[in-house]
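Q: Submitted below is the structure of interest, expressed as structure tokens.
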Amino acid sequence: MLEQGLLVTAGVAFLISVALSPLFIPFLRKLKFGQSIRDEGPKSHQKKSGTPTMGGIVIYVSMMVTSLIMAIKFNYLGAEVSLLLLVTFGYGLIGFLDDYIKVVKKRNLGLTSKQKLVGQLVIAIAFFLIGKGQAFHTYIMIPGTDVKFELGWAYFVLVLFMLIGGSNAVNLTDGLDGLLSGTAAIAFGAFSIIAVAQEQFGVAIFCMAVVGAVLGFLVFNANPAKVFMGDTGSLALGGAIAAVAILLKQELLLVIIGGVFVMETLSVIIQVISFKTTGKRVFKMSPLHHHYELCGWSEWRVVVTFWSAGFLLAVLGIYIGVWM
């Protein structure tokens, strides 16, 4: 019965997302909330200038409303779901402010890096203080084994790193039409299966609400995109997936299931270090998806390849997290 409930959860979130998007996109156009395209980006992206952004609000509303209603309906509105809603709201709010400054105040960089970091830190600290001992404990598990290591207060540092790093890594992935929507749906789908295996049904409901919401958004975000999610969506999704991994005690497994996000982030780190130390670039452009674009791949080919990689990594993660 619960399995059907999870499918219903995804279905409801999908329908809300699909229903809201056609109403919200013209509203964004009317407000002239269009995406600015950086001059240093791929030239093929210049035609996307003016495409409505902040569409992440649709994802945000769809998954928050659905997960809350379904968690109440199935009596799983506990500490875990409450924490996930807190993180999603907090990081989504930071993303919203960042987008708002970019498109309304016409300040291309949005929030300063310090402002964004302070906001991310506040949410991460609140998550740790509220959840410690109630929704999660301060040890990590080796994936596929019963081996655990108690970290004590060092776990606090890990939580900060995961939430801040996770939100930024997912944000970096949001650079091509449909790329993040698809990879996020795959990753949250994998974690929902692990959550069911652990009988963490509240977390599973939340994950399936995200899956439905991003797939509904993908209908309008696939190439050629009619709307972008902006930081409103990407930061919320990044914070949420890191929080899910923490609550399921699959902190290390996030590196595999979120492997696409990790690769995107590493490409940026490698590029910066290489250029600062040698004056040479390893990639034609970072994050990694832009490198393949400049190698002559079509945008759709890059997106499908990254989706495929995300799917294979998700299957590996499920195998380790459930069957091993």
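Even glycines carry a Cβ here, placed using N, Cα and C.
Annotations per Swiss-Prot:
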TRANSMEM  5-25  transmembrane segment
TRANSMEM  52-72  transmembrane segment
TRANSMEM  77-97  transmembrane segment
TRANSMEM  122-142  transmembrane segment
TRANSMEM  149-169  transmembrane segment
TRANSMEM  176-196  transmembrane segment
TRANSMEM  201-221  transmembrane segment
TRANSMEM  227-247  transmembrane segment
TRANSMEM  253-273  transmembrane segment
TRANSMEM  302-322  transmembrane segment
Q: Which stretch, 176-196, 201-221, 253-273, 302-322, tops the Cβ pairs under 8 Å count with the transmembrane segment (149-169)?
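A: Answer is 253-273, with the largest number of Cβ pairs below 8 Å.
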Q: When you check the transmembrane segment (227-247) against the transmembrane segment (302-322), do you get at least 3 Cβ pairs under 8 Å, counting only pairs 6 or more apart in sequence?
A: no
Q: Counting a contact as 3 or more Cβ pairs under 8 Å, with residues at least 6 apart in sequence, do the transmembrane segment (302-322) and the transmembrane segment (77-97) touch?
A: no
Q: In the same chain, who gets a Cβ under 8 Å from the transmembrane segment (77-97) while lying at least 6 residues past its ends?
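A: Answer is 54, 56-57, 60, 63-64, 67-68, 71, 110-111, 116, 119-120, 122-123, 126-127, 130-131, 134-135, 163, 167, 171, 200, 202-203, 205-206, 230-236, 238-240, 242-244, 247.
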Q: Where, among 5-25, 52-72, 122-142, 253-273, do we find the most CB pairs under 8 A to the transmembrane segment (201-221)?
A: 5-25
Q: Do any residues of this chain, six or more beyond the ends of the transmembrane segment (176-196), have a C-beta under 8 angstroms from a C-beta of it, and if so which?
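A: For the transmembrane segment (176-196), the sequence-distant neighbours (Cβ-Cβ under 8 Å, at least 6 residues beyond its ends) are 2-3, 6, 170, 203-204, 207-208, 210-211, 214-215, 217-218, 221-225, 229, 233-234, 237, 240-241, 244-245, 248, 250, 253, 257-258, 260-261, 289, 293, 299, 302-303, 306-307, 310-311, 314-315, 317-318, 321-322.
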